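Colleague: Sharing a structure, written as structure tokens. Questions coming.
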Amino acid sequence: FYMLGAYFAYSIATKIGFWPALILAPLLVAVAGALVERFGLRTVHKYGHVAELLFTFGLAYLIEEGVKLVWGLAAVPYRIPAELDGPLFTVFTSSFPKYRAFMMLVSLAMLVTIYLVLTRTRIGLVIQAALTHPEMVEALGHNVPRVFMLVFGGGAALAGLAGVIGGNAFVTEPSMAAAVGSIVFVVAVVGGMGSLVGAFIASILIGLLQTFAVTIDASLAGLFASLGISVTSETPFYSLWRLTVAQVAPVLPYLLLVVMLIFRPRGLMGTRES
């Protein structure tokens, strides 16, 4: 759905501009998500979570192949709008892009909106209750399947909105979803499944971890040398000891994921299931 948001936005932006695409593309993705839940996930739900997982994996491949058929294998020229292009401000010799600030504002607005809807509105309370006590919510007169369809459609819309603002900042091409999917999974698990605050903290933590790691040139060989232990080319696993923190920076989020699953499987802000 992230990828669909980017491609829908590209197609709409080429016709009527970026700002209408910012609204229309997530709505189209929301409709697609609601249809997937209604005619796909709801059907396989009775077979358990494994069936749902396999269905979503298969759907992801199907969407990717469909994108290749419609838009081609190459990246599409989805550009940042002219009014958001260029630096917002400059500190010393480093400039901060306008579009990066726009992405941060939209992301923050998404987070705050979801939090307020889930905790301050009636529909949010119904959603939370339906997740844990669907039979009771059904007995109170609410249409639980429709609630789940709307929730899935809303989640698809948010993923589509992320694709709208991220597709032109990075690259809009058929494998773009796979590029961000793994790190999104890490954020969700480290933060705690179902916790918005945990997801926010985990995203900041992982972002800082990767940002500062690429600037560190230290290695285990250097640490051993400071302790008086000589590491030479004849030392077993010599190449491993010579690896710097900057070189392994892309792996650090996944190492954090493994550590979190070992010592705190529910994540930073997740709750233990009863």
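Just so you know, glycine gets a Cβ as well, placed from its N, Cα and C.
Predicted automatically and left uncurated, TrEMBL annotations should be read as such.
Annotation source TrEMBL lists transmembrane segment at 16-35, 99-118, 147-171, 177-205, 212-231, 243-263.
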Colleague: Taking the transmembrane segment (147-171) as the reference, which of 16-35, 212-231, 243-263 gives the largest number of Cβ pairs under 8 angstroms?
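Modeller: Comparing 16-35, 212-231, 243-263: 16-35 has the most Cβ pairs near the transmembrane segment (147-171).
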Colleague: For the transmembrane segment (212-231), give me same-chain residues lying six or more residues beyond its boundaries with a C-beta closer than 8 angstroms to one of its C-beta atoms, as numbers and ranges.
Modeller: 238, 240-246, 248-249, 252
